[in-house]
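Swiss-Prot lists 244, 251, 266, 296, 336, 408, 414 with the feature ATP binding site. Per Swiss-Prot, the feature active site, N6-AMP-lysine intermediate maps to 246; the stated evidence is sequence analysis.
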């Protein structure tokens, strides 16, 4: 069993190391010494992932209440620490340093926290629901802070916020697993894309069984992604393509196991209970005994046209009153791929074969229409039809391409009328002036560096926010403020904005090296987590594409 103090010391050492290679070496050495049970947990913890695909549901106010109870400090004293540090981890560190003697014996008899203890406490927090769930979360956090040293408390708090702030992302953990257990980075990445669980990948790599990890029913896999197509004509340069509408909806991955149907969102979170009609559609219209299906759920109005994306998100977020909401925001299912059927993986089959299988097991009314053609004019016609129907554009897919989980490449291209929007994490905000003095009027945006997990800013957005939205957003972000500096505030990176813009420019003013010209808010993407924000690499690709440049 691994003491949590050892894990906290690892995080502290990594945070004080600047180079990615050095960080990889430190982490690889640590992972190689762990037993399998602890290894699986630590590989996730170091990225701020406690349970893959599951949010803990701990907000800043709940965290600070737990710290206050565990240390005996008043709420005002905890808030003063927050104003001074702007970091939940440092708040916990300093609060535990000042912990009142009475609280030290509150949970006597402990021999110190272990990684397994902390994991089980967070598991209880994640499972808490319904009446009394907030108190369950507070008490579990209170227990951990009562038992923790200042350094342990620092990283318990950051785990609770799912933000470790040590510069470790998926890429670095992948490389560390490969180095620790003598396997290739490519094999680690393949296994991760098939399981969405680097902890599980690390465990199997240690056992020398990495090749045993594959696609499995009821375990979501990363979805194949599309990149931006330069134009219809350029996209058809290599021959015939499979053309489908790009629906204005929400991506879903559906796992059917006989009569049991589970639905996963783009974030690979289980949303089955929120989408009962999709579950029933699959039960009634898919004949395969077991299957993993890829598709889009679209909210439709009385005229058959898609409703705004925010309406779809209302369905995905809904936990209570689902039946009532389903009547006002009905969903249609459009399936476009099948990647597993009756015990066999279809990942390595070409798209045209996967399509044949899909058509053989699903009824036509739930399958997205597809036309295979090399005729530019026919594709343009389908593109115009999609836009006229209220959808986003078209997808152009290579008929001979395999399904590559988690990959964005030229085998799937999306053609839309405007520059591709970006999904960016909000990391700060600025108070307004005059009549908007009590409202947060503009928001600082960041992309993610996948190698380090760090957020790199790309500018601010204020356009596209109505007065009504200002009030709602202010309430949303007020809870997430971690530090104030004059008119500006730093917020916990939890909310993702979909942002449009005129172009991407090079800029030395932001840590990303890029800036958005004339950004505007399109939507608050509640269906996406910060880890799913657009990457620094992708912003660079869009910059080169809009300039007609090729990567050097």
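Even glycines carry a Cβ here, placed using N, Cα and C.
As the structure is a computational prediction, the values presented were derived from the model and not from experiment.
For the pair residue 246 (active site, N6-AMP-lysine intermediate) and residue 414 (ATP binding site), the C-alpha distance works out to 7 angstrom.
For residue 408 (ATP binding site), the same-chain residues that are 6 or more apart in sequence and have a Cβ closer than 8 Å to its Cβ are 225, 226, 227, 538. Here the binding-site residues are 251, 266, 336, and the one ringed by the most other CB atoms within 10 angstroms is 336.
Counting only same-chain residues six or more apart in sequence, the Cβ atoms lying under 8 angstroms from the Cβ of residue 244 (ATP binding site) belong to 336, 368, 369, 370, 394, 395, 397.
There are 20 other CB atoms within 10 A of the CB of the residue listed as 'active site, N6-AMP-lysine intermediate', with all protein chains counted. Each of the binding-site residues 296, 414 was scored by the number of other CB atoms within 10 Å of its CB, and the largest score is that of 296. DSSP assigns residue 266 (ATP binding site) to coil in the three-state reduction, outside any helix or strand.
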